[in-house]
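Novice: Here it is, the structure in full.
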Amino acid sequence: MGKKSFGFLILGVLLAGYIYEPLPDNVEEPWKIMLLNTFLKTSSYLAQFAEILGLNHFMKSMTFFSSFQCFPPTSDENITVKDTTFNDIPVRVYVPQRKTKSLRRGLFYIHGGGWSLGSNDYYTYDLLSRWTADRLDAVVISTNYRLAPKYHFPVQFEDVYTALKWFLDPQILESYGVDPGRIGVSGDSAGGNLAAAVAQRLLEDPDVKIKLKVQSLIYPALQNFDFNLPSYQENAHYPVLSKSLMVRFWSEYFTTDRSLKKAMLSNQHIPLESSHLFKFVNWSSLLPEKFKKGYIYKTPTHGSSELAKKYPGILDVKASPLLADDSKLRGLPLTYVITCQYDVLRDDGLMYVTRLQNSGVRVIHNHIEGAFHGTLSFLFTKVGYSAVNQYISWLHENL
């Protein structure tokens, strides 16, 4: 073997070792997940390196690496697509071109990305909204919102709520031909968090007379109180969304002060005077037995009151919808929750399912075995494609 061939062999072995990621046996098409994870971890390493050198903030670098996904508003023979604003909030509107004599369904969609990344013009979000509008014969509003690290809580929440409230104005609904009795809100990950939060807020807003028919929450982030849930422990280092990255997202939602992330990672960020709120996120009583996996519940160590005073958002129900009292959950609409087996956010969704059911809310839970966080964006996998079809089918039957 020549030196050149031997060099290529060594390079190939190193590349294979970099790409390879041990995955559970029930994961379908593992190499597709490994290739996706290779891109994500490479982007993350480069972003971390740039941050260490003081060249750029981690989230800004990640946004740059993701910008190739942006897709312009492009209409086709089935759907008219247009970028506009709802009360100064950028939205992308999808309207079916087929003629209809009846009013259409309306779906308000909120993209994910840890309140720091993502956009409604990403190809996967554009495709999901396009498919949903076509198959449901629905008007789909896919909203943007201002992102961290430039903007922090509650800006993201307020942007989304402002756009949704604008859409729910009877005159706006009439202009789009939307049936006011058939409107839903949906979102994935951080978007699922915002969807749950705005759905709760609507119940308390006397200015909004129109009620949501459904909410659909796709692997939502619903609490920042306890980062030692079984799903956080079990899936801490799995592809796509690690525990450390999710904690970074949460901390960036509130501040660029890295001391908050450090306290969150050690589960020591909630002050003693707020300990009564832990009952709303106590996984030992809210998780089904099969998901406890032998883990033992430990009450988180109380943190400094100073952090909560500096960043009160960490105690705000608008940031952590799981903190809502049962009485505030009872009026919520029919709910669809998607969780994935290998996702740190799995137990957030599971606990919300339990709490909603205990409050008398009708809930349909779709737990996807062998799946990772972000599955509905992985349309190149069988599991991802199937999950999207299940999601749209549920909306077709219930919205």
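Positions of Cβ are set from backbone N, Cα and C atoms, glycine also.
Sharing the record's features from TrEMBL:
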- S189: active site (ACT_SITE)
- D343: active site (ACT_SITE)
- H373: active site (ACT_SITE)
- 107-265: domain 'Alpha/beta hydrolase fold-3' (DOMAIN)
- 315-375: domain 'Alpha/beta hydrolase fold-3' (DOMAIN)
- 1-16: signal peptide (SIGNAL)
Novice: Give me the CA-CA distance between S189 (active site) and H373 (active site), in Å, as a whole number.
Specialist: 8
Novice: Across all chains shown, how many C-beta atoms besides its own are within 10 angstroms of the C-beta of S189 (active site)?
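Specialist: Its Cβ shell of radius 10 Å holds 29 other Cβ atoms.
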Novice: With DSSP as the reference, give the number of residues of the domain 'Alpha/beta hydrolase fold-3' (315-375) in helix, strand and coil.
Specialist: 22 helix, 19 strand, 20 coil
Novice: Could you state the CA-to-CA distance between H373 (active site) and D343 (active site) to the nearest Å?
Specialist: 5
Novice: Tell me, what is the mean pLDDT of the domain 'Alpha/beta hydrolase fold-3' (315-375)?
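Specialist: Summing pLDDT over the domain 'Alpha/beta hydrolase fold-3' (315-375) and dividing by its length gives 98.
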